[in-house]
Amino acid sequence: MTANLLDFDLDGLAVFCERLGEKRYRAVQLFRWIHQKGASNFDDMSDLAKSLREKLKVSAQVKAPDLISQHISSDGTIKWLFDVGGGDAVEAVFIPEEDRGTLCISSQAGCAMGCRFCSTGHQGFSRNLKTGEIIAQLWFAEHFLRKHLQRDERVISNVVMMGMGEPLQNYAELVPALRAMLDDHGYGLSRRRVTVSTSGVVPMMDRLARDCPVALAVSLHAPNDLLRDDLVPLNKKYSLAELLNACNRYLAYAPRDFITFEYCMLEDVNDQPEHAQQLVRLVQHYSSGGVWCKFNLIPFNPFPASGLTRSTPERIQAFAKILSDAGIVTTIRKTRGDDIDAACGQLAGEVKDRTRVGERIARQRTFMLKPVSEINTQVKEN
C-alpha cells in the first residue's frame, strides 16, 4: 500500500524510512523537502540518493486533497475548499495582516458539537480528517502563497485550529499534524503561534497539555450552565466547573500565561450586562490572583436557518467595557472574509453531496453520546 508522507510527523517518517532500510537523517532530508520546500515529486529531491528516490516512487506519495475552489475577499482573506472524498469537502482560510499571516485549518469534515451559532455544526458530522489532510491545508497554503507573492521566506506565521470540526475529538490525527507544524525541520512555528480551539473536551485538554502543549482557546459563549447547555451542547457532558478547572490545569503547561475564551455575541441571547457581570464573577472565582485569561468577543456571522442575530456594535462595546473595567483583557474580533463566507462560524464546507445531510445529523447524535474511551485518542505510533 502506498503511504502518504503527509500523514507522518518527523518521528513517523523516520520509522517509515527505517522500514525502507534508510537512516534517520534521510527522513530529515525528506521532511525538509516536503514541508519547507513544498516538493511532491521525488525526482526534485536532488540530495536524496537515487536508490531512495526509486524506493519512494513505488512505496510512497505526497498527496494533498484536490482543490475545488478558491475565493478571495475584498479584505484580502482567502478561502480554499478541498475535496476529501466521499462527497465531503473542508475549508481553510488565510487571513493576512500587517504583522502576521494566520491560517485557519479544519480538523473534521462537518462537526459533532452542534453549537447553535456555527454553520459547520448545522451540517452535521461526517468523519475525522487524517493527519495528512490536516497538515496538507498548511502545506498547500504556505507554498501557494510563496509562489503567488514571489517570496522565499515564510508567509504563514500563525496557525489556528478553528476551522471545521472539534480538534480534540480527532486527537490521534491532530497531534502528529501539530508536531509537524512545530518541528524545526518542518514549519518551525512557535508553540505560542499555534492555537487549538476546543468546545471543551475536558479529558483531551489534559492529554494535550502533556503531549503537545500549544496555545489554547476555549469556545465559552455563555456565563452559566443553563445558557451554555443550549448554545454548546457539549456542556451537558462537561460543565463549566469541569471546563474551568481543566483550563487552570492546562496553564501549568501552556506556552502562554493565559487561556483565550471565545465568546460569540448573540443579540438578546448572551449579550446583556448581566451576562458580562456573570462572566466577571465566573473568571474571578477560578482565578488564583493573577490574569489567567483573556476574552475575544466575536460578532456573530449570520447563516441561513440559524434563527440568531448579531449583537449591535454598541452592545458589544458596552459588554467589552464591563469585562475590561473588571481587569479582564478583552478584544473584539474584527470580522474578516464574511463576503465569501469565510468568517468565524460560517465554514460549512459546501459539501458536494447534499443528500447525506440527514445521515450526518444522525451520525452527529451518535458521536456526541460516545464516552471519551471510545473517541479516537490514541496518538499513532508509526
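Every residue, even glycine, has its Cβ placed from backbone N, Cα and C.
S-adenosyl-L-methionine binds Gly165, Glu166, Ser219, Leu220, His221, Asn301 as Swiss-Prot records it, and from the list Ser190, Ser197, Ser239, Ser324 the residue named for this site is Ser197. For Ser197 (S-adenosyl-L-methionine binding site), the nearest of the recorded positions Glu91, Cys104, Cys111, Cys115, Cys118 in terms of C-alpha separation is Cys104.
For Cys118 ([4Fe-4S] cluster binding site), the recorded positions whose C-alpha atoms fall inside a 10 Å radius of its own C-alpha are Asn301, out of Glu91, Cys104, Ser219, Leu220, His221, Asn301. Under the DSSP three-state reduction, Cys118 ([4Fe-4S] cluster binding site) is assigned to coil, being neither helix nor strand. The DSSP secondary structure for Leu220 (S-adenosyl-L-methionine binding site) is coil. Computed over the domain 'Radical SAM core' (97-339), the whole-number mean pLDDT of the model equals 95.
Around the Cβ of Cys111 ([4Fe-4S] cluster binding site), the number of neighbouring Cβ atoms within 10 Å comes to 30. For the pair His221 (S-adenosyl-L-methionine binding site) and Cys115 ([4Fe-4S] cluster binding site), the C-alpha distance works out to 10 angstrom.
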